[in-house]
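Quick look at what TrEMBL annotates:
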DOMAIN    B:11-131  domain 'Acyl-coenzyme A oxidase N-terminal'
BINDING   B:T137, B:G176  FAD binding site
DOMAIN    B:273-435  domain 'Acyl-CoA oxidase C-alpha1'
ACT_SITE  B:E420  active site, proton acceptor
DOMAIN    B:472-644  domain 'Acyl-CoA oxidase C-terminal'
There are 2 protein chains.
Amino acid sequence: LEKERGQVNFNVEELTNIYDGGAEETKLRRKVADVIQNDPEVRCKDIGMMTREERYIDGVRRCVYLYKVLLPREGWTPVSKEVKDYFKYRNIGKERSFGVHAGVFIPCLLSFGSDEQIAKWLPLAMQFQIIGTYAQTEMGHGTFLRGLQTTATYDKKNKEFVINCPEISAMKWWPGDLGKSANHALLMAQLVIDGKKYGMHPFMVQIRDLTTHMPLPGITVGDIGNKVGFETTDNGFLHLNQVRIPRENLLCKNAEVKPNGTYLTKASDKMVYGSMVRLRAIILESEAVSALGKACTIAVRYSLVRCQGELEPGKPEVSVMEYMTQQKKLLPYVAMTYVTHFACLKLSNQYNAFTREMDNNDISGLPELHALSAGMKAVVSEQCSDGIEILRKSCGGHGYSNASGIPIIWSSAVACCTYEGENTVMLLQCARYLVKCINQVQTTRMVGSVAYLNNMTQSTCHVDSVSGFKQLDVLVACFQYRAREVLKTAALKLSHLTKHGMASYNAWNQSSVELVNVVKAHITQFIVTTFASGITELECTKPVKNVLQQLCALYALSCINASTGDFLKVGYLSPRQCDLAHEAELELLSCIRPNAVGLVDAFDFSDDLLQSCLGAYDGNVYERLFAWAKKSPLNKTEVTEYLHAGRDILEGRKSKL
Amino acid sequence: LEKERGQVNFNVEELTNIYDGGAEETKLRRKVADVIQNDPEVRCKDIGMMTREERYIDGVRRCVYLYKVLLPREGWTPVSKEVKDYFKYRNIGKERSFGVHAGVFIPCLLSFGSDEQIAKWLPLAMQFQIIGTYAQTEMGHGTFLRGLQTTATYDKKNKEFVINCPEISAMKWWPGDLGKSANHALLMAQLVIDGKKYGMHPFMVQIRDLTTHMPLPGITVGDIGNKVGFETTDNGFLHLNQVRIPRENLLCKNAEVKPNGTYLTKASDKMVYGSMVRLRAIILESEAVSALGKACTIAVRYSLVRCQGELEPGKPEVSVMEYMTQQKKLLPYVAMTYVTHFACLKLSNQYNAFTREMDNNDISGLPELHALSAGMKAVVSEQCSDGIEILRKSCGGHGYSNASGIPIIWSSAVACCTYEGENTVMLLQCARYLVKCINQVQTTRMVGSVAYLNNMTQSTCHVDSVSGFKQLDVLVACFQYRAREVLKTAALKLSHLTKHGMASYNAWNQSSVELVNVVKAHITQFIVTTFASGITELECTKPVKNVLQQLCALYALSCINASTGDFLKVGYLSPRQCDLAHEAELELLSCIRPNAVGLVDAFDFSDDLLQSCLGAYDGNVYERLFAWAKKSPLNKTEVTEYLHAGRDILEGRKSKL
Ligand SMILES: Cc1cc2nc3c(=O)[nH]c(=O)nc-3n(C[C@H](O)[C@H](O)[C@H](O)COP(=O)(O)OP(=O)(O)OC[C@H]3O[C@@H](n4cnc5c(N)ncnc54)[C@H](O)[C@@H]3O)c2cc1C
Ligand SMILES: Cc1cc2nc3c(=O)[nH]c(=O)nc-3n(C[C@H](O)[C@H](O)[C@H](O)COP(=O)(O)OP(=O)(O)OC[C@H]3O[C@@H](n4cnc5c(N)ncnc54)[C@H](O)[C@@H]3O)c2cc1C
């Protein structure tokens with residue numbers, strides 16, 4: 001890798017600073033990372049060999065240590081910048097329990113609680129004296145919130161709510177930190193007063209005793225079992241059988257029930273939607289994009305170290321990176337990491353701008369923001385998790401071992417396609433907004449992420465050279481044209497079907513396969529456009545700007561080449577132009593390849609974060625693999641116990657099988 | 001599900017018989033399955049909750065019991081049809097160790113050993129008195145066999161081979177059953193006589209003591225650690241430090257070393273290539289296609305049971321199967337299972353025909369057979385593993401739980417993309433053959449799977465209706481035309497580059513991204529053509545024929561619609577025709593949907609094989625989920641031990657953290 005690093009033609013540290021958002025940010029991040037890595041109690045250790053139980057227990061231990069020992073020692077608090085950065089993509093990662101407590105329970109308390117309620121529970125939560133979960137999903141319902149079955153019936157006489165799960169499928173199911181850790185739940189239930197239903201409301205419910213940690217009466221709670229990943233989290237089930245809580249435990253920023261049973265709505269819950277956008281941007285960055293960046297780092301470094309096969313017959317073996325098919329597997333995902341990272345940043349910034357507008361009582365930007373975040377959530381989480389799996393396979397046999405680190409990275413990134421809004425459902429939400437836009441574009445001027453729809457002129461691409469297809473303005477135009485045209489086509493089909501008498505819900509369903517594709521086109525357009533215009537504004541050295549331009553073009557071209565059908569069908573590109581775009585992508589791969597190691601080094605993931613024998617900074621793959629393997633649980637004894645018994649049977653001796 | 005089953009419009013049992021290859025086969029398979037399922041010792045139990053160690057130990061236990069207790073009891077032998085069927089896709093599956101011993105070590109002994117050697121080791125192996133691994137891959141080399149570093153140096157004086165791993169990366173790494181189980185290795189090493197290298201040869205090496213099971217002197221052996229799946233298998237490492245074995249342990253069907261060090265080649269090793277084809281067909285069917293079938297069964301049944309959301313506002317909730325996006329996720333994979341199942345069968349049959357020709361000393365069919373099997377291996381394993389993951393996600397949150405069964409199914413199916421020839425490498429092998437064919441087609445008549453290349457006329461598709469795109473002959477023509485044209489284009493680029501002075505190895509590399517695509521086009525063409533012509537010949541009732549035709553068309557259309565770019569670029573389809581093909585796919589989804597449950601029931605996977613709370617035959621999803629969750633390792637105690645300690649810190653009490 002040393003030799004590879006020698007040929008990188010840009011300043012890696014400069015790019016790291018840009019990625020971090022400034023040199024100061026890099027400095028602070030490294031300071032935090034160093035503290036973590038130098039503390040043996042909190043540094044990761046061989047998670048790839050642990051059982052589910054060990055992972056959970058270790059996660060609890062690490063988290064408690066972090067908050068109760070390390071923070072005070074360093075003079076940090078849960079809200080100081082150093083700590084908020086932990087929760088971001090660049091640091092200690094997910095090998096820690098209580099993620100829902102810190103990342104969902106507390107923020108929701110702040111969103112739903114009255115000032116009084118916040119004053120009562122927040123300090124306890126911050127000190128981990130209460131540990132909370134966010135319990136919304138039930139066994140039978142996740143996506144369709146109105147279908148949730150748990151009820152909170154107001155008992156006027158006792159001034160209490162009675163929380164009840166009427167059947168097995170009404171049990172809360174999946175909430176993180178619920179199974180074994182939490183003693184409180186911020187629980188969503190159907191409010192019922194005098195037999196009348198008022199919809200879903202948030203309640204604070206204590207579920208375990210604060211001293212013995214035993215479940216309270218009427219409560220059945222436990223872990224839901226092993227799963228693809230997230231071993232440190234005890235996603236749980238919770239059954240409530242006529243459990244009584246005080247009236248004051250309805251979190252009442254938005255709605256309140258008076259002692260006499262009168263129901264009062266207060267603020268609108270639009271705010272809540274706004275904060276969901278923020279959560280989404282953070283989750284995307286920390287769970288999906290950074291996971292992709294880690295997988296890229298591992299696969300690129302390993303591909304440079306791994307020598308296998310002769311390229312030129314009779315010559316020495318080459319690193320597998322020399323194969324074009326390998327470059328095609330890796331480099332577009334390096335590019336994707338960069339472009340989606342900045343697209344997520346843009347989403348966060350858009351949210352911040354929105355909160356400023358909201359202070360002036362202007363919430364007109366919400367629908368667009370909401371649609372954009374839903375679409376981004378689905379497209380980015382899918383692109384990233386698919387990419388991680390391709391990167392894993394690109395490591396050949398060793399990619400299949402936990403030693404590579406990628407299986408664990410993938411297993412939590414892929415969950416992001418499902419939680420916080422199932423991806424297809426998110427795509428269709430975004431689609432609804434886009435269809436509305438395209439139907440209004442003749443009369444209303446579109447702004448923000450849909451502004452490109454204003455330009456409705458028909459045209460075709462005029463580029464006729466390979467180099468032309470590396471121009472960012474050309475690529476942006478391709479994506480905008482294509483996104484607009486597939487949207488127009490889908491909207492046309494919809495209105496055609498309804499005009500011919502189909503009910504609109506049915507027409508929607510009949511068009512939903514196309515609509516999913518529309519949103520993918522819209523979002524890749526957003527990602528490419530955002531990055532391209534970001535580069536223009538960026539102040540940096542020429543070599544760094546160059547490499548960022550190449551990355552943007554590579555991402556765009558790899559998207560075009562993966563769906564040439566769309567571009568041909570809308571008549572924007574000709575078959576010959578598609579060939580040029582393909583050649584442009586191949587040329588870019590060769591251009592970027594010498595910088596590959598620099599591009600992943602610039603992400604600056606420490607070895608501690610990567611947890612990979614294949615992807616460590618020094619490229620010392622084989623020694624690490626051997627050292628790691630020796631720690632396999634099966635190697636605890638030279639002869640596994642069962643094998644003796646097995647051999648007894650094999651040899652016909654008696655055994656108690 | 002009862003109601004769903006009522007509306008299936010074909011005879012499910014008839015389809016099962018066709019899938020099995022006849023009613024007799026179905027009967028026998030069920031008999032075997034019943035024996036297994038009714039024996040509590042060998043039936044699967046909650047593998048989703050087990051640790052790696054438990055899975056391995058349970059796998060050894062089950063396997064030993066199977067061979068030593070169950071087989072004799074039933075009067076079966078390892079070679080009786082009942083038992084050979086175990087190893088096939090429909091039965092006990094992989095929850096059993098010693099897969100490499102039975103599936104690779106023994107067949108390789110038969111391929112490489114002389115009659116004497118077979119007589120010596122085969123009976124011991126069949127009785128599990130020796131347990132063998134196939135040790136080829138090293139830490140540093142898998143794909144590139146000539147790069148393997150382990151040497152077997154002949155010592156004339158002692159008439160022995162000295163086996164040695166010169167460095168850490170020369171250690172054997174990955175062989176199944178090696179780490180803890182095996183006491184013998186069929187080991188590939190570089191033969192060296194008098195300082196001269198003779199290439200890779202197979203040796204029989206004892207690695208552990210037959211009584212104590214301790215490693216023999218000079219041998220370091222162990223498990224390589226946790227991995228994505230295959231928990232029951234102890235893939236291992238093996239380091240040999242100057243280990244001596246008798247001269248007679250070179251397996252000498254193909255080559256022999258005389259006592260004085262003379263090297264003699266005997267038979268050609270073409271035979272070995274032939275048997276690799278057979279192994280590939282079996283692996284594809286049992287590891288990839290049947291895994292896809294299981295995932296389809298689970299996802300289809302669950303989607304019918306899962307009610308979520310209103311389709312028509314205000315009406316009762318519907319099963320998620322009613323959403324077109326859901327049908328699009330599921331039904332093309334049901335179709336894929338059927339068509340690839342029969343394509344694998346065709347590959348097996350082609351192998352059988354080849355062995356008959358080989359008996360007449362005709363091995364001319366080998367290159368085609370080899371290329372076809374390499375291409376099939378790569379394309380089918382990728383399609384299936386990608387499909388399984390889409391099916392898993394289609395189950396929403398519960399798909400992420402091991403309770404769904406799909407994570408474990410995926411984790412072993414996806415390995416198939418890597419072992420037995422890494423997929424990209426396989427694709428490029430197939431591509432080499434195809435390029436040779438297209439360059440000779442003007443002078444030589446092509447036969448077998450490449451016969452379609454003989455027709456080189458330019459044309460376009462003339463269909464102009466949705467129903468036209470459901471015609472199998474139309475679809476076959478699309479695939480053949482496209483496959484041929486993309487091949488021609490790639491071959492043209494290759495010859496263009498070499499004509500302009502590029503070295504041929506370099507031109508190959510520069511074209512490899514296209515060549516990968518060429519092989520995918522060729523193989524989907526093969527799959528569609530095989531199934532379409534199979535249906536024509538099939539004798540069955542009209543409804544079954546109907547449904548098979550629909551499945552074939554659905555698979556074909558979903559492939560076309562996923563790569564319209566190709567079809568447009570070669571000029572065979574127009575944009576309008578692509579739209580028609582898209583509508584045809586949507587219509588087929590609606591057509592097939594009422595039969596969905598029948599189509600997966602026809603695979604006839606028992607609940608025991610599926611190991612899924614979501615996919616059991618009775619559709620009793622929620623009770624099963626709850627019963628399963630209670631068995632989580634974290635639920636062994638109500639309050640997890642660590643939490644007490646954690647709470648001590650939380651509450652500021654002393655603790656020894
Ligand atoms: C790792 C993990 C952590 C989680 N943590 C929490 C937590 O802390 N708290 C909590 O409350 N929940 C949590 N959940 C639950 C999660 O939010 C839900 O699983 C998720 O919202 C998906 O809902 P579902 O399971 O009901 O999927 P379903 O909606 O049942 O999805 C099944 C299929 O139906 C399709 N479908 C459903 N509705 C429609 C529609 N209208 N149109 C088209 N297709 C549709 C989907 O696309 C999907 O293919 C977690 C889940 C996971 C996997
Ligand atoms: C579950 C499992 C079980 C296994 N069981 C056994 C066993 O029983 N016995 C045994 O001996 N081995 C076994 N193996 C090893 C397996 O056969 C190898 O891992 C496999 O052949 C891939 O080789 P590799 O690891 O060297 O990959 P590599 O070749 O290092 O692949 C890395 C990357 O380089 C690329 N690449 C390599 N060469 C080329 C080329 N010429 N052109 C283009 N790209 C190239 C690949 O496409 C890939 O993207 C097992 C592996 C697994 C995962």
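For all residues, glycine too, the Cβ spot is worked out from N, Cα and C.
Projection of TrEMBL feature records onto the structure.
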residue : record                       : Cβ neighbours (10 Å)
B:T137  : FAD binding site             : 21
B:G176  : FAD binding site             : 25
B:E420  : active site, proton acceptor : 19
Recorded positions in contact range of chain A, given that the Cβ distance is under 8 Å, out of B:T137, B:G176, B:E420: B:T137
Spatial separation of the residue listed as 'active site, proton acceptor' from B:G176 (FAD binding site) - C-alpha basis, Å: 12
Cα-Cα distance linking B:E420 (active site, proton acceptor) and B:T137 (FAD binding site), given in Å to the nearest integer: 10
Per-residue pLDDT averaged over the domain 'Acyl-CoA oxidase C-alpha1' (B:273-435), given as an integer: 94
Coarse DSSP state, helix versus strand versus coil, of the residue listed as 'active site, proton acceptor': coil
